[in-house]
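Here the structure comes first, spelled out in structure tokens, and everything after it is commentary.
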């Protein structure tokens with residue numbers, strides 16, 4: 001399930017984050033520092049050092065925005081969120097086809113299962129050529145290039161890549177979510193149900209029927225969730 005979540009950050013927040021990243025200097029390091037065994041050979045980009053003060057500062061801005069975003073919560077059903085990371089592609093940089101590692105270790109040593117991958121775009125599409133996020137899923141190949149401040153949520157099991165950036169600079173944040181529901185198929189069903197319930201409520205549909213559907217949603221979540 002791929003979900004496009006618009007306007008996660010406001011234009012003012014995007015501008016602030018970009019300004020801080022553009023002036024980050026030595027905080028930018030070789031992106032292979034966080035790549036796994038299969039990802040490192042095909043990864044060629046730059047990344048803000050994972051535990052640097054600027055990564056924590058800007059990551060907190062994103063985490064606060066996620067807490068206020070009902071579409072993200074509905075789609076990802078987050079249990080734990082890995083602290084957001086930041087990357088940059090320019091001058092032909094790319095990240096070849098790979099699957100994200102199954103487990104990440106949080107700063108406190110707790111292990112996080114990567115159920116959901118997230119990319120938050122911080123560069124406008126007209127700022128760079130190339131740099132599409134290409135995701136292979138059950139429905140084929142999806143190419144993603146979103147406005148700055150918009151986010152794509154997709155299963156971490158997906159084979160994906162970032163195509164070479166041939167002009168300009170592509171800046172983004174990326175992170176992972178351990179969901180309450182580890183199965184993508186089950187998350188997709190719950191997301192569709194939640195979306196339908198919200199539309200029915202907005203249309204003034206029969207209250208008892210809506211209440212029954214809400215009960216079904218929560219009972220399924222109760223069966224499938226892991227805390």
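Cβ coordinates are placed from backbone N, Cα and C, and glycine is handled just like the others.
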Site co-member for Fe cation according to Swiss-Prot, given 98, 100, out of 51, 160: 160
Top Cα neighbour of residue 170 (2-oxoglutarate binding site) in the set of binding-site residues 98, 100, 160: 160
Winner by Cβ contact number (other Cβ atoms within 10 Å) across the binding-site residues 160, 170: 170
Helix, strand and coil residues within the domain 'Fe2OG dioxygenase' (80-179) as assigned by DSSP: 3 helix, 62 strand, 35 coil
